[in-house]
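Okay, so here's the structure we're looking at.
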């Protein structure tokens with residue numbers, strides 16, 4: 001069971017999910033070899049080729065989800081607490097591992113058009129932006145990147161040049177990163193979904209015997225959430241949470257794939273990186289290993305922080321229930337069973353040096369100062385308009401102040417430039433009407449005024465450019481309860497809290513039942529008495545077989 005130890009370590013959280021039998025499997029007459037006990041968090045797998053009396057193998061995880069489980073159940077019970085941690089400034093990773101066609105992509109992405117079937121990724125988008133809209137006195141900057149590892153090459157799925165291969169670099173402070181990986185600032189769910197859809201169109205997929213739309217690459221969707229708020233010391237503090245949403249390519253045997261052309265080469269590269277992942281997990285769990293082979297593959301290097309490092313990590317092991325998948329399902333269960341012993345050391349990333357949010361804030365202050373210097377931010381006007389509203393019995397909210405800021409900026413700029421232009425035109429007309437001036441002198445003065453009008457036009461263009469840049473920068477920063485329209489009412493908030501409480505209760509019940517089962521077994525052993533030496537030998541031999549299994 002995942003939990004914190006006294007040393008501040010936290011175990012990797014592992015859950016198992018089994019898909020329903022497919023029509024193809026039912027038609028072929030395959031039998032079901034997996035049994036899931038949701039209450040105890042256990043998966044039992046029976047060998048279809050086993051000798052009579054051979055016991056099934058049983059594995060215990062933090063939670064298990066059977067074929068009837070809903071996407072929302074998995075999210076509320078397992079994923080929601082991790083996303084809340086990322087919003088507090090922790091690093092988080094969620095990855096699905098399993099054989100091709102067991103529902104990894106369905107678990108991670110689901111069916112976007114159907115609310116009930118939306119996976120972890122789209123639900124997490126809603127979760128993040130709803131949290132931001134409800135926060136108070138905090139400024140957020142959310143950006144997204146999307147990459148894939150195809151045949152051990154890293155590709156930026158959002159780049160214009162898809163042929164460019166990216167390099168992995170390491171920073172002593174921030175760890176492993178990808179050089180020149182593009183990232184897009186997103187202000188709402190619609191924008192981040194658009195970024196994801198753009199990347200998904202260029203992702204490598206292909207058809208195999210196991211799955212018609214099989215993922216032929218490992219894909220990582222990275223969300224960086226920067227949050228700024230004033231601390232008790234009166235200083236501005238920035239926290240940065242990074243969320244890795246990983247959709248791994250399927251592990252499979254080439255003989256079952258029925259693959260042709262590029263597929264065998266793809267499969268060997270996929271299996272190579274997945275075996276490197278297995279080696280890293282084994283080395284971490286072993287305790288004796290002095291060297292962890294992170295550098296054996298691009299995937300393990302990128303997941304270095306998620307496996308034994310500074311991150312909270314969830315692994316979803318996806319399983320097929322049919323007898324023809326027995327070997328692969330057993331392999332996945334053993335892999336997941338090893339992974340739950342990994343210990344991470346997550347910590348809040350506070351006040352890192354290279355935050356984009358701080359760059360944006362500094363740039364906004366600089367642009368604001370330039371606009372104020374040009375007299376374009378009419379503070380008095382905003383204050384007087386708020387005072388007037390208060391006198392008239394209206395409530396002058398913070399939002400109105402913000403809107404005033406934008407409208408006032410445009411109107412003040414327009415009024416100022418209009419007044420200056422009118423004054424210069426009047427002066428020009430006065431010079432032309434003044435008959436006491438010599439024609440040369442008049443011409444010289446008129447040229448000066450023409451130059452001033454031209455300078456004014458240039459100043460207008462420069463100011464407009466400055467104002468546009470200022471507004472664009474400011475619009476990228478999300479301010480809780482102000483920038484995003486909060487469509488969720490109090491009832492929805494209460495409903496979410498209730499769902500969280502139920503999920504937490506289920507988790508506690510499962511842990512208690514697992515503990516009780518262990519105690520019952522220990523008590524049974526203590527109470528057992530034997531009528532003869534032969535009976536004792538037989539019972540202990542059975543137990544030994546069970547332990548070995």
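The backbone N, Cα and C atoms fix where each Cβ goes, glycine too.
Whatever TrEMBL says is automated annotation, not expert-curated.
The domain 'Kinesin motor' annotation in TrEMBL covers 11-342.
According to TrEMBL, the ATP binding site annotation covers 98, 99, 100, 101, 102, 103, 104, 105. Just so you know, the Cβ of residue 101 (ATP binding site) picks up 25 other Cβ atoms within 10 Å once every protein chain is counted.
Summarising the annotation, TrEMBL assigns region 'Disordered' to 375-410.
Annotated compositional bias 'Basic residues' per TrEMBL: 376-389, in sequence order.
The compositional bias 'Acidic residues' annotation in TrEMBL covers 395-407.
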Can you check which residue among the binding-site residues 100, 102 has the largest number of Cβ atoms within 10 Å of its own?
102
For each of 98, 103, count the other CB atoms within 10 A of its CB; which of these binding-site residues has the top count?
98
Including all protein chains displayed, how many Cβ atoms other than that of residue 99 (ATP binding site) lie within 10 Å of its Cβ?
23
Min neighbour Cβ count (10 Å) across binding-site residues 104, 105 flags 105
